[in-house]
Each structure stands twice: as C-alpha cells, then as structure tokens.
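S.K.: Structure provided below as structure tokens; questions to follow.
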Amino acid sequence: MFVRPVKVFDRTLSTAPDKSITHRAVMFNAAAEGEAVVENALLGGDCRSTISCMTRLGARIEVSGGTVRVRGAKRFADAALDAGNSGTTTRLLAGLLAGRGVNASIDGDGSLRSRPMKRVTEPLCAMGADIESTDGRAPLYIRPAKLHGIDYVMPVASAQVKSAVLLAGLGADGETRVTESVPSRDHTELMLKAMGADITKSGSSVIVRRSELRATDVRVPGDISAAAFLFGVAAVVPCGRVTVTEVGLNPTRTGVLDVLCRMGLEVTRDNLKAGAEPYGDVTVARVGALRPFTITAGEVPSLIDEIPLLAAVAAYAEGDSVISGAEELRVKESDRVETTVVMIRAMGGEAEARPDGLVVRGRGGLKGGKVDSFGDHRIAMSAAVAALASRDGCEILGSDSAAISYPGFWEVLC
C-alpha cells in the first residue's frame, strides 16, 4: 500500500467498533444462560478468533453483518482452540475455562506463541487451576480443576491478566480479590456487573464471588483506539480536523485525548451518552504548531495501544517527546518499542529505543519512504497516518494487517 500526502483532511465519520468490548460481549454471553444480541460488533481477525473458539466450546453463534447472536453453552465441550493472533482471546479464555471442568488447549500463530503467558497461568494456578504452558507461552493445556479464591496484587498493569483472574473467580470457592497499583481498562468489570455477576469495587481492588452470568444484549461503541488514528491525521495534516461519532469514552481508555491536548490540539466532546460504557462524538482539530510531550508509567495503561501512533505524531512536533514505563510494548504483536523506532527512522525521522519506552526527536515532519509493518496492525496504521503529512509519501509493507482491528481502514483513510 502506498500512501500519498494530503494538504487537507476535514471529515466527520464513524470508526471501527470497539475490539475489547466485542471480545468480552461474545465470550461472556457464550458462557451465560440464555441468548443475547451483540450489535455493532467488530469482525476483525482477533474477534473472529474469539467467535470461533466459543463456537468450538459449544456456544451457538450466528453472525449477520455487524450483529452477532449468541446462545450460551450450558456446559463447555472439550476442545482444541485456535486463538490466531489474539492475546486477548487466549488470556481471557484461560481464566474462563480454568474452573469449568473441561479439557482444552489454546494455541495460535507464531506471533501469539512468542507472547508471555506465565503472567496469566501463575495466578490461575495459585487458585488451583491445572494449566500447562510451553515454556511460559502458548500453547496452553487446561485440565479440570477445583478453584478457590485468592487475593492477587497485580505486578504490572494488565487488563487481560486482571480479567483472567476475575473470570476464574466466577467459578471459584470464596472471594477473589484483584488489586492494581495503576488502573487498567475496566470493560470486564463493567460487563460482568451488567450480566449479574457478584462483583464489587473497593478502592483499588475488584472483588468477585462465585456467580452465574445471564445473557445480556450489548451495543458496542466505536473503538477509541481505532479512532485515535483518525485523530492522528488531524494532528499531522496542516489543515486537519476530524469528528468521530459515537466513540467509546471509558475513562480508562481516553489517555490519548489528554496527550493530544498537551500537544496543542483542540479536542472537544459532544453528544455524550451515559451508561455502562459512556460514548459520544469527539472532534480533534489542529490549531497551531505541535508541542512535544512526556508520557510516564502512570499514564501508560490508558493509552498503551496508541503509543506507536503518538510516537509517529511526535515526529511532526518540534522537540523531544519521551515515553517511559511502557515496557509492555515489547510483548505485543511485535516489539512495539523497536518497530516504532524503525518506522520513524525509515521515514527520515529520529527516534531512540529505551528499555521501557522511546524518545522521538521531533523535527517538524517526515520525508516518507518505505516501512515494514512487521505484520503489526498498529504499526501499519501509524505509518499511514505519518505518511499523509510526509514530503514524499510512504510505501507500507504488510498493510493488510490493519484488518485485525480496523477492517475498512484503508478505504476510510485513502
């Protein structure tokens, strides 16, 4: 895919449905009693992996357009599951299946097999789960076990690990408590509560007790992580202005908007709707030169997926932007510290990798060139955003990876 530069980008549009919420809506309803409809579901590669896995476990799932109808399985079947490239599918399923009395394996592609799973299997095994990993990675082998609650203090901020422990807690004896030093996204807690789980929040802890879920209809809002790429276009294009309608505004996910404000962008929120997951319309407009920014560990969980995009935008500022406390980037679909630095350098910019993040030395723009996405959807889309304001444009290798989280991205952008 070759992306040519533009001078003006002034659009009002919708964005891809939220990936995190789609995963959970399908998975949790597949484990619930009854039938539910998930509207405006994301049907990218990762969420299709979740649909496939839940079907193999015995749920009845019908997909029509963006609507997914789910009838829960009364009892999960033994199954060999293929999670594809989806870490969310793998880690959440490990927790969900740990106490369900099934024999199951969870495997995936080469990228998934390279990602750490010990962070999930350790607390689950502390609850009594019988899970065997492959040197701390997938494939995982889960056998029937009786679980008991634990008091677990999260060593790193991870919504996937937190979710796995909470899901296991639904089938455990006693109380399961998860404590975070830095809040991570809370879609799991909100959805479990809406589905009837005995789950409460106390300070920095979430407490869950044995519960049965009831099927609950879900309408998925727009994904702010996908919308961020459109906001990034507004930031780098000299005459940039983008309004994204009905985008999710969960406070644990809106860190990207805070950083764009610090860079000097005008950010407004309109038509706000309350509910289990708040949403509304967001407009981002460029009103002057971009300022560099600093992101530290406390902010990282609220924008972890947007860091490659923010780094690309930082190349269009004047001055050094510093991102720290983001070592989690190194165990994503690619080592996103390294691949982000490679992306910026390939387009003529200056960036330096650090153990827990990176520094982007903004010089007001990028030349363009050729970027390898390394099969990582967020690198491909970040490069595309940067290319729209570059001098020469950019060829992006592996551009089809964008479909993992944002089907139709290229049609929207180009």
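Backbone N, Cα and C atoms are what each Cβ position is placed from, and that goes for glycine too.
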S.K.: Per TrEMBL, which of G45, G87, G408 sits in the phosphoenolpyruvate site along with K19, R115, Q160, R336, R378?
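M.R.: Of G45, G87, G408, G87 joins K19, R115, Q160, R336, R378 in the phosphoenolpyruvate site that TrEMBL records.
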S.K.: Can you tell me the CA-to-CA distance separating S158 (3-phosphoshikimate binding site) and G87 (phosphoenolpyruvate binding site), as a whole number of Å?
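M.R.: Cα-Cα, rounded: 12 Å.
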S.K.: Taking only the recorded positions S20, R24, D305, which one has a CA atom nearest to the CA atom of R115 (phosphoenolpyruvate binding site)?
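M.R.: Going through S20, R24, D305 one by one, the closest to R115 (phosphoenolpyruvate binding site) is D305.
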S.K.: Can you tell me whether DSSP puts S158 (3-phosphoshikimate binding site) in helix, strand or coil?
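M.R.: In the DSSP reduction, S158 (3-phosphoshikimate binding site) maps to coil.
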S.K.: Between Q160 (3-phosphoshikimate binding site) and D305 (active site, proton acceptor), what C-alpha distance do you get in Å?
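M.R.: With the alpha carbons as reference points, the distance is 13 Å.
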S.K.: Rounded to a whole angstrom, what is the C-alpha distance between D305 (active site, proton acceptor) and R378 (phosphoenolpyruvate binding site)?
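M.R.: If we compare the Cα positions of D305 (active site, proton acceptor) and R378 (phosphoenolpyruvate binding site), the gap is 8 Å.
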S.K.: So among K19, S20, R24, K332, all listed as binding-site residues, which is physically nearest to G87 (phosphoenolpyruvate binding site)? Use the C-alpha atoms.
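M.R.: Checking each of K19, S20, R24, K332 against G87 (phosphoenolpyruvate binding site), the shortest Cα distance is to K332.
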S.K.: So how many other Cβ atoms are close to R336 (phosphoenolpyruvate binding site), meaning within 10 Å of its Cβ?
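M.R.: Its Cβ has 26 other Cβ atoms within 10 Å.
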